[in-house]
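Chemist: In case it's useful when we look at the structure, here is the feature table from TrEMBL:
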- 12-36: transmembrane segment (TRANSMEM)
- 48-68: transmembrane segment (TRANSMEM)
- 74-96: transmembrane segment (TRANSMEM)
- 108-129: transmembrane segment (TRANSMEM)
- 135-160: transmembrane segment (TRANSMEM)
- 167-189: transmembrane segment (TRANSMEM)
- 195-214: transmembrane segment (TRANSMEM)
Amino acid sequence: MARGLFSMEHPWASAFGILGNIVSFLVFLAPVPTFLRVYRKKSTEGFSCVPYVVALFSCTLWILYALVKTNSSPLLTINAFGCAVESVYIVLYLAYAPRAARLRALASVLLLDVAAFSLVAGVTLLLVAEPHRVKVLGSVCLAFSMAVFVAPMSVIFVVIRTKSAEFMPFSLSFFLTLSAVAWFFYGLFTRDLYVTLPNVGGFFFGCIQMILYCCYRKPRAAAAVIILPTTTAATAAAQAAEMELPLAALDAAAVLPVLADLPVLADLQKLEEAMGSPRKAGIKAI
């Protein structure tokens, strides 16, 4: 039987689960300014829907994992929220995207969020014995999350090649590294390697990004694009063009407009605005 978000039997696991929920909640709300602009202008302005499709797939995988494992309320709640939010983003995108982009987005949804998820769920629930389902689903989630965490390498190479951190704001790297830390310790205290291991990668790449920022930062502010997932999902993989923030949840990052006066969240909002209009950053949309 699944317990609530906080359990006196496991106070540390509960505390880090709640922290992970809070951080991931803000990351999931990152695209809100972009989609408010889409709604006002009745146009998607050429940005890609792929990050939101990937984030939705990640959320559904982790929801299935949490349901099969049980006693995983923090994973279940944040990914259920992420699933709902990403679905709204995709619906808005389909409503205002040009016909060609709409068809590509719809194909992506059907291929990844419907067909791929149905295949994973069907094989796991129908062909895998119950004692092994957690292991199989956990392995799928782990593999998907690790694949998403490789994405920041493209941004790291750009920073090293150009000797400029304009594509990697410190506040965003710190914010998402905090998310990885929270979910790492949640997995550690609950003895869940499938949550712990992918966030080791998230913490590692986050630290590298912050170090590179300190080495190559410039006083002039610039728009930025980065790929990083949410911790559980990972918001994905992910949300831009060839360099996108998912996750997470990715999973992935501006936050609510009412919070934009905070330094960290203001930088995240600027990033999301840049992702919403790839032409501003000189990036070709997918």
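Placement of Cβ uses the backbone N, Cα and C atoms for every residue, glycine included.
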Chemist: Considering pairs 6 or more residues apart, do the transmembrane segment (48-68) and the transmembrane segment (195-214) have at least three CB pairs under 8 Å?
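Modeler: Output no: the transmembrane segment (48-68) is apart from the transmembrane segment (195-214).
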Chemist: If I count Cβ-Cβ pairs under 8 A between the transmembrane segment (12-36) and each of 74-96, 108-129, 195-214, which range comes out on top?
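Modeler: Selected stretch: 74-96, with the most Cβ pairs under 8 Å.
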Chemist: When you scan the chain for residues with a C-beta under 8 Å from the transmembrane segment (108-129), skipping those not six or more beyond its ends, what do you find?
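Modeler: 49-50, 53-54, 56-57, 60-61, 64, 68, 90, 136-137, 140.
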